[in-house]
Amino acid sequence: MREKYTKKTLLLEILAIIIAIIFLIPFYFVLVNSVKSFAEILIDAAAWPKEFLFSNYVKVWNIIDFPRAFWNSLVITVASNIGIVVITSMAAWKMVRTPGKFSKLLFIFFVSAMVIPFQTVMIPLMKLGGTLGIVNSIPGLIVMYFGFGVPLSLFLYHGFIKTVPIEIEEAARIDGCNQFNVFWRIVFPLLKPITVTVVILNTLWIWNDYLLPLLVLQDAELRTIPLAASSFFAQYTKQWDMGLAALMLGIAPVIIFFLFLQKHIIKGIASGSIK
Amino acid sequence: MVQKRKINWKSVLSYVAFVGPALLFFLVIQIIPFLMGVYYSFTSWNGVSSVVEWVGFENYKRIFTNDPVFFNSFVFTTKFMVAAVFFSNLIGFGFALLLNSALKTRNLLRTIYFIPNVIGGLLLGFIWQFIFVRGFSSIGNLTGLSFFQQPWLGDEKTAFWGLVIVFAWQISGYMMVIYIAALQGLDTNILEAAKIDGASNFRILINIIIPLILPAFTICFFLTISMAFKIFDLNISLTGGGPFNSTQSVAINIYQEAFQNNRYGLGTAKSIIFFLAVAIFTTIQVWSTKKREVEA
């Protein structure tokens, strides 16, 4: 519906902008109070700061060892993404290209696990993880994300591959290309749009995840960003000045990531939910 | 069991090579622990001891007859789910309608409405804890509105609504994105035909737009139901389950039973009940909205 820009549209626009401002007010509070002294926060949380105290940030940066936590989160997110993309794209392609009862049942098996809540597997997983020696280590956590990432990512690849024409693959096969080369050289590049979606969804989930890292990573130097920020909060519950600076440091990386990629992210979410 | 006729070992091998890795990680990380969980739910295992004693249905009996805290967490989670699903979809759909019209700032506004989704529930909970505790009282002092002057997180009723507000604030932008995608897929000819026939905007919305994009409602309801029912991070950091356990979600209850009370057997039994509840709720919902899709 390409409507003309009428008075009514203008009113709607103003309304939408007002809602957006209300939507952003929580961030205003956090930002403004993160550079205030503790006493100033208590007097009036809504007021503009009298002077900007960046010392809150310096203290928090050191206490939670921000570079370390950032690095841990980054390594975990990137490695998990690579693994999930590799294993699920391969599996989905093979399953789509080998039609039959077995592939169909296997697909249902994978996808139906999406209704298993994390709480249902976490207790035995910690026991099993202890036996396998994958607890309290970053590689162990990454391997767990491989497992948890399979159902949704495989589902998305599966849906997408069904729309990819098979002719090019067949031509390559006739030319003598083996299966791995067909997949990695010809099919995988064609899957780029859905790979972007898969990576975005998994990045937001893994970067922000709290409970699994909390259970798996016990050593302080392995902590991810959410763990570091929360440990800080638990210790200084009412120390709002430092707590808010910790929150700002915690949310800044993912907000920057979003602002750079927002078009892809919003498109990816939409195509990920409506196949 | 693959094919009884002629087994082509080369193709079986390539099937294993491609599907095997995903299947292996999936089995080890999700399915084996799930099956172990079913087993542990019939034991009195404490998580540490090497002796695992079989107790039959004892855990389940105890949960159903003598665990008021779990019962309350279940009631709370269900009530929360209903309110959270209603408001996040109402607001999300409203945003989608608003931003599907020809606003000049619509791309910017979509970005803004979506922002809360990129931040994890844990940090959002801390942010809002500050807003409820200090921010609201400041706004209350400025405006004199009693809405802002309540002890938001200290009172059972308002703590419940506090969680609903934050959940809706976080999720409605995500729902908006899905609804916008659905609205853009609508056939504009039908809408124009209805306009020419003199249908009001409201009629078009109720009788044409909503029935045509019912698949989007199915997805959004499914997502919000499962997200709201599994709420953990946001709940932990915003209210911690308080005051007096009144906002303790089922997920928190299971976590505490296992990792704080060290009753793994009982905790897994609760988690199996939780799994069944999630499976039943989501199946009923998908089934009932899907049925309507066909009729429309």
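Each residue, glycine too, has its Cβ placed from N, Cα and C.
TrEMBL annotations: computationally assigned, not manually curated.
As annotated by TrEMBL, domain 'ABC transmembrane type-1' applies to A:70-261.
If you look up TrEMBL, you'll see A:12-31 (among others) marked as transmembrane segment. For the transmembrane segment (A:12-31), the residues of the chain that approach it from at least six positions outside its boundaries are 45-46, 244, 247-248, judged by C-beta separation under 8 angstroms.
Panel annotation: around the transmembrane segment (A:69-93), residues 138-139, 141-143, 145-146, 149-150, 153-154, 157-158, 161, 183, 187-188, 191, 195, 198-199, 202-203, 206-207, 213, 222-225, 227-228, 253 of the same chain, lying at least six beyond its termini, place a Cβ under 8 Å from a Cβ of the stretch. Sequence annotations record features per position, and here TrEMBL assigns transmembrane segment to A:69-93 (among others).
Per TrEMBL, transmembrane segment is recorded for A:105-126 (among others). Only residues 6 or more beyond the boundaries of the transmembrane segment (A:105-126), in the same chain, are considered here, and those with a CB under 8 A from a CB of the stretch are 95, 135, 144, 148, 150-152, 154-155, 158, 211-212, 215-216.
The transmembrane segment feature in TrEMBL is assigned to A:138-161 (among others). Beyond the ends of the transmembrane segment (A:138-161), by six or more residues, the same chain brings 72, 75-76, 79-80, 83-85, 87-89, 91-93, 95-97, 107, 110-111, 113-114, 118, 125, 129, 132, 187, 191, 193-194, 197-198, 201-202, 206, 212-213, 216-217, 222, 272, 275 to within a C-beta distance below 8 angstroms of the stretch.
The feature transmembrane segment is assigned by TrEMBL to A:182-207 (among others).
The transmembrane segment annotation in TrEMBL covers A:242-261 (among others).
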